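*Asks:* According to TrEMBL, the record shows the following:
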- 12-29: transmembrane segment (TRANSMEM)
- 26-267: domain 'Rhodopsin' (DOMAIN)
- 45-65: transmembrane segment (TRANSMEM)
- 94-117: transmembrane segment (TRANSMEM)
- 129-153: transmembrane segment (TRANSMEM)
- 173-198: transmembrane segment (TRANSMEM)
- 210-232: transmembrane segment (TRANSMEM)
- 244-263: transmembrane segment (TRANSMEM)
- 280-299: region 'Disordered' (REGION)
- 314-381: region 'Disordered' (REGION)
- 343-352: compositional bias 'Basic and acidic residues' (COMPBIAS)
Amino acid sequence: MLDFPQKLAIETWTLWSLGALLIACRMVSRRMRFRSWAKLQIEDWLMMVVSVTFTVCMVCLNEVAKNGSNFIDDETAASLSPAEVDMAIFGSKMALVMEINALSTIWLVKICLLILYHRLTVAYQRQHLLVKLLFGYCIVAYVLVVGLLLGFWCQPVEQYWALPAENSECATFYNHMIFATAFNISSDIFLLCVPIPIVIRSRIPMKRKIILCCVLGLGLLNIIMACLNRYYNFSNPNDLVYTYWYVAEICTCVYVGNIPLCWQFIAHVFKMGTWASFGSEQPQPPPIPPKQEQGARQERKRFIHSMLPASLWSTHVGGHGETTLRTRGDGPGAAPSRLSKTISEEAIMRHDDEEDIELQTRSIHQESRETNEQLPSRGIP
């Protein structure tokens, strides 16, 4: 029969493997989208840092399970042999390192989501302001939680691995857990209030809307796991059974931060088409044969460079990645004909897939040819 460290190791590395797989899927999806590793965005690189803190946290957690810690009563501590005392001291040090890396993992994932939401909410003033406030809230919360952990709750810091600890807080982390959980759960609730209202109000097919709400609503699992972790921690003093839920909380956080950005890779593997076509009843254009793909790209580049700056058409690329197209006769107050949606809807509908780019280019090219044929009849030089 498996003992506690072995059971925990199986759970830990199984859940870690799933988290590492999701991070890898996210990176591949982003590489497919931007077509270059160098073009990955800041939240993608932060997620690579998360993969390190996530792994360190799992390693330290298993070391705590194997070696024990000072999270024991005085009678048990007095009965330990010198070798067991050394193991418990080492486990206590690993417990402190584990907690710091767990906090770093959780709050870095929140920052990654907020960077994504910052682009998603460009066209929504209220949500955009909320995202900016949440940035400050999360940064201040992380600094406070880690600062109090290392410099206030247990003094001197060496008491965290003292056996027995003079202050029970140095072994139980009781006040720290309450303080950190309050910030953790409150920030998760605020994070849920950013994307879901946008999705609900968006004009996308109901099927996609439901899927997006479910994926973005996975933050509820973070809240549930955090509550269960603290419940078992406080209700079972001097017992490491809470570590099962500790693992579940950290892994769930990593899952929630990466699942929304894995679609492109999943769609490619399972031949599900583009996100823009998913759940839509509109017919999609046939895919371009592989032999014609390179030629189509070169033709598109030549067309963009030769046609768009011409005298008949003028282009303006907005600060948020929005493209508009006007004719020469348009006045200053004329409404532009948009070639793409706002950045918020682009982030939801993923209209930057290659099939959609090809469709838009074909449409522009055809329209330009028709316009050039009509130029002599209009008397335009």
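Keep in mind that glycine also has a Cβ here, set from the backbone N, Cα and C atoms.
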*Asks:* What stretch in 12-29, 94-117, 173-198, 210-232, 244-263 has the biggest tally of Cβ pairs under 8 Å against the transmembrane segment (129-153)?
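*Replies:* Out of the listed stretches, 173-198 contacts the transmembrane segment (129-153) most.
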*Asks:* Is the transmembrane segment (210-232) in contact with the transmembrane segment (45-65), using at least 3 Cβ pairs under 8 Å (sequence separation of 6 or more) as the test?
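*Replies:* Not in contact, no.
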*Asks:* Taking all residues of the domain 'Rhodopsin' (26-267) together, what is their mean pLDDT?
*Replies:* 88
*Asks:* Taking a Cβ cut-off under 8 Å, which residues six or more beyond the ends of the transmembrane segment (12-29) line up next to it in the same chain?
*Replies:* 40, 44, 47-48, 50-51, 54-55, 58, 61-62, 247-248, 251, 254-255, 258-259, 261-266
*Asks:* At a C-beta cut-off of under 8 Å, are there same-chain residues at least 6 beyond the transmembrane segment (173-198) that contact it? List them, or none.
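*Replies:* Same-chain contacts beyond the ends: 99, 103, 106, 110, 113-114, 117, 120-121, 124, 127, 130-131, 134, 137-138, 141, 144-145, 148-149, 153, 212-213, 216-217, 219-220, 222-223, 226-227, 230, 233-234, 344, 348.
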